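Database features, via TrEMBL:
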DOMAIN    B:64-255  domain 'ABC transmembrane type-1'
TRANSMEM  B:12-30  transmembrane segment
TRANSMEM  B:64-87  transmembrane segment
TRANSMEM  B:99-121  transmembrane segment
TRANSMEM  B:133-155  transmembrane segment
TRANSMEM  B:180-201  transmembrane segment
TRANSMEM  B:234-255  transmembrane segment
Amino acid sequence: MALSAVGKQSSLHRQRRKTGFLFSLPALGLVGAFLGIPIYQALYFSMTKWDGIIAEWLGPSTYINQFKSPIFWRVIENNALLLLAVPVAIILPMGIAYVLNDKIAGWKIFRTIYFLPTAISWVVIGMVAMRFFAQEGLLNDLLKGIGLGFIKTDLLSSERGALLAVGITFIWSMVGTNSIIFLTGMATLDISLYEAARMDGASSFRIFRSITLPQLKRFIQFSFIITVISAFTALFTLIFVMTGGGPGFGTTTLEFFVYQSAFSRGNFGTGAMLGVILFFIMAILGSAQLLLVRNKE
Amino acid sequence: MKRFSLGRGFTFVLMLTLAFIMLYPFIFMINTSFKSKAQFFGAPGHSLLSWQKVFTALPVGRQLINSTIVCAGAILIILAVSSLAGFALAKLTFRLSPIFFLGIVGAMLIPLQSIIIPAYINASHLHLLTGYWGAILLYSALGTPFATFLMTSYFRGLPDDLIEAAVVDGLSYTAVFRKIALPLAIPALVTIVVLQFIQIWDDLLVGLLFLQNQDYRTITVGLGALAAGRTTDIPVLMAGSIISAIPAIIVYLIFQKQLVNGLTAGIGK
């Protein structure tokens with residue numbers, strides 16, 4: 001009797017493990033086939049000259065040659081410059097969330113409006129941004145309106161200007177996401193701390209710095225990660241629509257360079273290699289972030 | 001007190017200005033779409049000309065159907081595999097489950113651009129580029145890691161006793177999943193649907209490469225190709241943009257809460 005109960009127990013356990021294994025196989029198979037295998041292939045093909053059909057093995061020298069190319073460093077420089085947009089894309093939404101959290105009149109409507117771009121394709125955002133920055137666009141109308149008509153910029157026609165335009169559009173589109181992250185964070189704040197601080201006569205700024213900011217640490221980290229990842233991997237569409245990577249290599253970022261090398265120039269090996277480099281940059285940034293969090297705790 | 005309300009008034013004006021900046025693209029799109037090409041370049045008045053032209057410049061109906069097919073296909077696959085895996089990894093643990101979890105969820109760290117070239121060549125060898133399947137499968141694979149993460153953390157919140165009691169009563173684990181766990185997980189499933197719908201509907205890169213047959217292009221890809229091409233008829237492009245954006249905006253307005261939940265799920269408790 002007892003024995004059969006134990007037997008039933010262990011057969012149930014076996015059944016549970018078996019079901020668990022079978023249930024998780026489809027997800028693992030899908031991810032393995034479409035993301036796992038290709039990342040290994042990318043590693044292999046990155047050391048070949050590959051036109052998509054025939055691959056000729058060249059070895060690690062492909063990387064060394066790439067690192068000697070000034071165009072490659074120009075592309076990395078563009079990525080680095082775009083990172084300058086990250087602090088703005090975090091601090092501005094933090095201020096917005098702070099005001100919204102204060103339940104300013106109409107804050108729910110404001111929230112919906114600020115978050116709206118999250119639903120819009122980068123294709124659409126890019127098209128409008130292009131018109132905004134164009135010579136006969138709104139930016140110049142605005143400048144004229146405030147008496148600065150003599151400036152008349154055409155941001156998209158110069159290399160640095162075009163990168164600036166992409167950066168500004170990037171900040172614009174991150175405002176909603178980051179505001180929501182901080183708003184969620186501020187909703188979790190401990191109110192009793194505020195009351196105590198106010199009773200002690202602390203100034204608003206002091207309260208923000210000493211109470212709000214430390215409690216928001218986790219949310220700041222999260223929005224930082226999301227924004228950096230977006231800066232490296234989410235701008236393809238924006239660049240594709242707004243500038244096509246130009247003028248020259250002015251707005252070619254690493255992710256765009258992957259596409260350009262493979263699909264415009266037919267160098268699939270080089271494209272694969274640039275993808276691998278992007279993967280390693282993201283992995284290094286990810287582990288650095290992880291280490292930082294660990295050390296602080 | 002007066003200084004205080006003055007400060008609030010100033011903040012309010014600031015927020016209004018910001019709201020205008022955030023809404024500007026929409027205002028621009030709507031306004032421009034109701035102009036002819038000549039009116040866009042300065043002639044006065046509005047017209048419906050661009051709205052008539054957009055239907056010949058873009059196969060709008062066909063592309064909206066394509067977008068719907070690709071989104072629906074990919075989302076169904078994501079829901080199926082991620083709810084199964086999430087339940088298994090949370091409640092039916094086995095010796096390899098930590099490795100499985102790491103393998104599936106860890107794939108979130110792989111940027112799309114790092115795998116897209118080999119994935120594209122593989123799909124072309126398997127003849128997946130001419131129909132919908134290449135795009136559907138890649139979108140599914142890209143959405144699965146995060147969806148599995150979400151489902152696993154959701155199912156972890158279910159009490160073990162609930163499942164064990166049902167099993168002792170004679171239900172198989174498959175029946176427990178279908179009859180008990182899945183109905184309880186509907187909020188998490190809705191979050192995944194909303195998040196993935198917006199992501200896939202708005203995507204350009206995968207569709208551009210994996211939907212080689214022009215008749216299978218999604219509306220976003222059609223628009224992107226038109227915008228990057230030689231077309232300079234901005235009002236027509238704007239009319240197309242509005243059409244492409246409306247479904248995602250409607251989903252956003254209805255499911256804003258779920259979208260926020262999905263976006264902030266990665267922060268943890």
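Yeah, the Cβs are placed from backbone N, Cα and C, and that goes for glycine too.
For the transmembrane segment (B:64-87), the list of distant contacts is 100, 104, 132, 135-137, 139-140, 143-144, 147-148, 150-152, 154-155, 177, 181-182, 185, 189, 192-193, 196-197, 200-201, 207, 211, 215-220, 243, 247: same-chain residues at least six beyond its ends, Cβ to Cβ under 8 Å. Highest Cβ pair count under 8 Å relative to the transmembrane segment (B:234-255), across stretches B:12-30, B:99-121, B:133-155, B:180-201: B:180-201. Panel annotation: around the transmembrane segment (B:180-201), residues 67, 70-71, 74-75, 78-79, 82-83, 86-87, 91, 139, 143, 146-147, 150-151, 154-155, 158, 162-163, 166, 171, 218, 220, 247-248, 251-252, 255, 258-259, 261-263, 265 of the same chain, lying at least six beyond its termini, place a Cβ under 8 Å from a Cβ of the stretch.
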